[in-house]
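Quick notes on the structure that follows.
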Amino acid sequence: MGLEVLEALDSARTQWYHVTAIVIAGMGFFTDAYDLFCISTVSKLLGRLYYFDPSTNKPGKLPPSVNNVVTGVALVGTLSGQLVFGWLGDKLGRKKVYGVTLIIMVACAICSGLSFGSSAKSVMITLCFFRFWLGFGIGGDYPLSATIMSEYANKRTRGAFIAAVFAMQGVGIIFAGLVSMVFSGIFKAYYQAPRFNEDPILSTQPEGDLLWRLILMIGAVPAAMTYYWRMKMPETGRYTAIVEGNAKQAAADMARVLDIEIIAEQDKLAEFKAANDYPLWSSEFFNRHGRHLIGTMSCWFLLDIAFYSQNLTQKDIYPAMGLIRQDKEMNAIDEVFQTSRAMFVVALFGTFPGYWFTVFFIEKLGRFKIQLVGFFMMSFFMFVIGVKYEYLKDENKNLFALLYGLTFFFANFGPNSTTFVLPAELFPTRVRSTCHAFSAASGKAGAMVGAFGIQYYTLDGTPRKIRRAMMILAFTNLIGFFCTFLVTETKGRSLEEISGEDGRESELTATPNDRAPGIRQDSRTEKM
């Protein structure tokens, strides 16, 4: 029982409109990544500027509680935004709320840089307030961008298109390092200062207060540039037809987009909707889709514990790898420069390639294999780093950097990408955005465990604690490896076939062997 508008979307050739959709949705993730990760390049500068205590003979450092809130509050906002906008995306439509997320991101990125106050505490409170709402807007982009790209794409290249949107996160991380490096390089040239061990007071340039504000505010630029084009996108044909029940409008919108003639099938649509009218909170939904929802939520939760722990604590790992000097050997702005340069190098050679390997291979290898191998390799490399941490830190920094980079590579050519793709494919249209939001919010809950738990535990940088943290993260990834068996391969099939909306056998009733990629492909055509 297929609708012509859905079949047209599934069989459409790849054309310029698909590329445009990738860029528009992807630029949101570029902004998301920049805003979430640029804080890592300036958090030590905030400590030097606002929390220097001359009696310690050490550079100022954010207190553990303040550091956790500054770096983690955006994650709390992101989780909230995912749930709210994911639900709204199903209730009101993807397009109606898509522009709101961008407005919030632009406004709060600018306001983060304008954080004010007469004391260190008041500045941090203001900064955290705006970064919470920045995260709220960022969170809304997760389910909406994934769902929109999933519903626009054809079934042959859908995974690659969704992964390409998410891969812009890698570009955003690189850009966060690059912008911080360029701006701090300019400031370092114009506002020279002695190192901390030469003059603790003069080593912190007052101009650094302008530097961190500029770095945070730059995040508003790419989001603002795409607002017009985001508002020009029509509602997805699947939402218009299946949820709103307007076959005529769906056919007209998609005919204009795909440049083909599509017949509106209103009578057939009524039959289609009647067969798929069970609510989200029902036993029928959980019988059909509960295992997949548990799988996507648990895998994303476990992945983000490790992924965000690494990203948010890498500024503390870099000195151990020899990528930057010890803090006493630098002035405040030089520390920003060296931290951002190290972040840029690791992202360019470790983080960025993994995203695009997923884009190029996801339709060949499938989501299941990529996620399985990614979790396993992350667990292996983190285990090696944990066991040999002192040796790597003291005697083989090059190997340390290689292993650390490989964990990022296999995170992104692995579960960091596939946990974003799978929830956009596994669930019915009328709850797709909400289910993606549940999965993404579960991931952000894991990120908060990393930000508030692992980061707090390793904040003092003692080798024993970092070693233990790496071992914990290795075990976490191993659990993610086994949780992957709760999801199924979606490669090469329509969204309606995967979710059972077309009346065929739901994947949730398939045997465990059917879940493995490349096995019993003939089961796709079996009837209930």
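Glycine too: its Cβ is placed from the backbone N, Cα and C atoms.
With respect to the membrane, ARG158 and LEU426 are annotated on the same face, judging by the topological domain names in Swiss-Prot.
Helix, strand and coil residue tallies for the topological domain 'Cytoplasmic' (144-158), in that order: 10 helix, 0 strand, 5 coil [DSSP]. Of the ranges 19-39, 372-392, 469-489, the one with the most Cβ pairs under 8 Å to the transmembrane segment (123-143) is 19-39. Segment contact holds for the transmembrane segment (19-39) and the transmembrane segment (159-179), given three or more CB pairs below 8 angstroms at sequence separation of 6 or more. Assigned with DSSP, the residues of the topological domain 'Extracellular' (180-208) fall into helix, strand and coil as follows: 12 helix, 0 strand, 17 coil.
Between the transmembrane segment (372-392) and the stretches 97-117, 159-179, 402-422, 469-489, it is 469-489 that has the most C-beta pairs under 8 angstroms. Same-chain residues lying 6+ beyond the ends of the topological domain 'Cytoplasmic' (423-433) with a Cβ under 8 Å from its Cβ atoms: 86-87, 89-90, 94, 143-144, 146-147, 149-151, 158-159, 162, 238-239, 242-243, 276, 280, 285, 289, 292-293, 296, 300, 439-440, 487-488, 490, 495-496, 498-501, 507.
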